[in-house]
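Novice: If you scroll down you'll find the structure; I have some questions about it.
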Amino acid sequence: MARIGDGGDLLKCSFCGKSQKQVKKLIAGPGVYICDECIDLCNEIIEEELAESSEVKLDELPKPAEIREFLENYVIGQDSAKRTLAVAVYNHYKRIQAGDKGRDARGETVELAKSNILMLGPTGCGKTYLAQTLAKMLNVPFAIADATALTEAGYVGEDVENILLKLIQAADYDVKRAETGIIYIDEVDKIARKSENPSITRDVSGEGVQQALLKILEGTQASVPPQGGRKHPHQEFIQIDTTNVLFIVAGAFAGLERIVSDRVGKRGIGFGAEVRSKAELDTVDRFAEVMPEDLIKFGLIPEFIGRLPMIASVTNLDKESLVQILSEPKNALVKQYRRLFDMDGVELEFTEEALDAIADQAILRGTGARGLRAIMEEVLLPVMYDIPSRDDVEKVVVTAETVNDNVLPTIVPRKPERGERRDKTA
């Protein structure tokens with residue numbers, strides 16, 4: 001037992017040696033003592049170590065080309081969107097490492113502003129999956145929010161602060177780590193105001209939500225209710241700084257192509273105008289030509305667009321891309337279903353014609369890559385029901401007829417082993 005001499009019975013800290021008179025508190029353990037000052041020091045050391053481990057270190061941060069290469073393993077096509085995202089993410093985390101400030105060539109301090117991203121494109125083309133794959137690569141907290149569930153403060157629905165709660169939960173309530181995470185807000189086109197002109201009546205789920213999102217997009221100290229729901233007095237809040245949170249805002253923006261076409265078409269009048277045939281105009285990716293004025297006409301307010309300086313567009317997937325999505329990425333659907341069948345000791349095979357037929361069906365349904373899984377489930381459901389109860393199946397072959405004509409997949413029976421033959425003849 002740690003004691004001080006001179007006949008006194010004073011206890012002392014086993015770590016710093018201070019007596020119980022020199023400190024506020026002395027906590028006893030089995031044969032050891034620790035003072036309040038040493039406890040504070042231990043807490044500081046732990047917090048520093050946790051903060052260091054949660055930071056994305058610049059020397060470990062992949063370069064834009066490496067980020068794009070990683071995305072290639074999981075996402076087919078969308079090269080322009082991959083490049084835009086790779087550069088935006090690299091610059092964002094480089095800015096965090098610089099502590100929001102850097103020095104230019106003349107040695108002057110320059111404040112580095114945040115560049116959030118707006119993603120445009122049809123449904124089922126990989127917008128959400130691109131963002132999820134990015135977060136997985138960088139090992140940062142990632143949260144997905146639906147803009148349609150949000151309303152202006154004081155009305156029925158979710159407050160914008162609930163988006164931040166999802167990020168904090170994804171970081172296991174480690175606020176420091178959450179402050180360098182990524183938030184993906186989907187369906188943002190659904191919060192466009194209903195007309196181009198500001199309305200006299202309140203638009204609580206449209207323009208009101210855009211106004212409410214402005215502060216957290218730009219960077220602010222937000223108060224988040226720990227259990228979600230509405231804020232009320234006498235409630236404790238989690239404080240989170242959104243300055244270093246990267247926001248990726250996305251939507252299908254149906255009808256925006258027409259607004260862009262009208263603007264581009266007006267430029268094609270008069271002498272010296274660039275004349276394009278109808279066939280050329282049909283093949284042009286209108287989302288790649290989007291300007292802020294088009295988004296304002298669509299119903300986004302100028303302040304909201306100003307906080308989303310980077311625009312990445314994704315295009316409709318053609319048949320070739322859909323076939324590649326089925327078989328080539330690391331988590332391709334064909335590989336996933338093969339693994340499921342493999343667990344039952346059965347081999348699964350798709351003919352090339354079958355993959356083409358599945359891609360054709362997805363194009364007909366207009367659901368993009370998202371519809372591929374639904375078609376695969378429909379095609380494989382009968383055999384996935386039967387196979388677990390049978391032990392005489394070697395292989396299942398899916399053909400084009402299986403997809404187009406609802407014919408059952410071809411079942412190749414398992415060859416009996418020699419021992420089994422002897423038993424039958426005995």
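Positions of Cβ are set from backbone N, Cα and C atoms, glycine also.
The domain 'ClpX-type ZB' annotation in Swiss-Prot covers 1-54 and is backed by sequence analysis. The Zn(2+) binding site annotation in Swiss-Prot covers Cys13, Cys16, Cys35, Cys38. Residues or ranges marked as ATP binding site in Swiss-Prot: Pro122, Thr123, Gly124, Cys125, Gly126, Lys127, Thr128, Tyr129.
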Novice: Using an 8 Å cut-off from the Cβ centroid of Pro122, Thr123, Gly124, Cys125, Gly126, Lys127, Thr128, Tyr129, can you name the remaining same-chain residues around the ATP site, in sequence order?
Specialist: Gly121, Val314, Gly368, Ala369, Arg370
Novice: Between 0 and 100, where does the mean pLDDT of the domain 'ClpX-type ZB' (1-54) sit?
Specialist: 77
Novice: Do me a favour and check the Cα-Cα span between Pro122 (ATP binding site) and Cys35 (Zn(2+) binding site); whole Å is fine.
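Specialist: Their Cα atoms are separated by 62 Å.
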Novice: For Pro122 (ATP binding site), what is the secondary structure state per DSSP, taken as helix, strand or coil?
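Specialist: In the DSSP reduction, Pro122 (ATP binding site) maps to coil.
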Novice: Looking only at Gly124, Gly126, the binding-site residues on record, which one has the least crowded Cβ, with the fewest other Cβ atoms within 10 Å?
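Specialist: With the binding-site residues Gly124, Gly126, fewest surrounding Cβ atoms within 10 Å: Gly124.
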Novice: What is the nearest of the binding-site residues Thr123, Gly124, Cys125, Gly126, Thr128 to Cys16 (Zn(2+) binding site), using the Cα of each?
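Specialist: In terms of Cα distance, Cys16 (Zn(2+) binding site) lies closest to Thr128.
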Novice: Check each residue in the chain of Thr123 (ATP binding site) that is at least six apart in sequence and keep those whose C-beta is under 8 Å from its C-beta; list them in sequence order.
Specialist: Ala252, Thr367, Gly368, Arg370
Novice: On a C-alpha basis, identify the one among Gly124, Cys125, Gly126, Lys127, Tyr129 that is nearest to Cys35 (Zn(2+) binding site); the candidates are the binding-site residues.
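Specialist: Out of the listed candidates, the nearest Cα belongs to Tyr129.
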Novice: In sequence order, what residues of the same chain, 6+ apart, have a Cβ less than 8 Å from the Cβ of Thr128 (ATP binding site)?
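Specialist: Same-chain residues close to Thr128 (ATP binding site) (Cβ under 8 Å, separated by 6 or more) are Ile144, Tyr184, Asp186, Ala250.
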Novice: Rounded to the nearest Å, what's the C-alpha distance separating Tyr129 (ATP binding site) and Cys38 (Zn(2+) binding site)? Just drop the number here, would you?
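Specialist: Spelling it out, the Cα of Tyr129 (ATP binding site) and the Cα of Cys38 (Zn(2+) binding site) are 47 Å apart.
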Novice: Can you tell me which of the binding-site residues Gly124, Cys125, Lys127 is spatially closest to Cys38 (Zn(2+) binding site)? Compare CA atoms only.
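Specialist: Spatially nearest to Cys38 (Zn(2+) binding site) by Cα position is Lys127.
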Novice: Do me a favour and check the Cα-Cα span between Gly124 (ATP binding site) and Cys13 (Zn(2+) binding site); whole Å is fine.
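Specialist: So the Cα of Cys13 (Zn(2+) binding site) lies 63 Å away from that of Gly124 (ATP binding site).
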Novice: Other than Cys13, Cys16, Cys35, Cys38, which residues of the same chain sit close to Zn(2+)? List them in sequence order, counting a residue when its Cβ is within 8 Å of the Cβ centroid of the site.
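Specialist: So the additional residues around the site are Ser14, Phe15, Gly17, Lys18, Val23, Leu26, Tyr33, Ile34, Asp36, Glu37, Ile39.
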Novice: Between the Cα atoms of Cys125 (ATP binding site) and Cys13 (Zn(2+) binding site), find the distance and write it as a whole number of Å.
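Specialist: Cys125 (ATP binding site) and Cys13 (Zn(2+) binding site) have their Cα atoms 63 Å apart.
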Novice: In the three-state scheme derived from DSSP, which category covers Cys16 (Zn(2+) binding site)?
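Specialist: It is coil.
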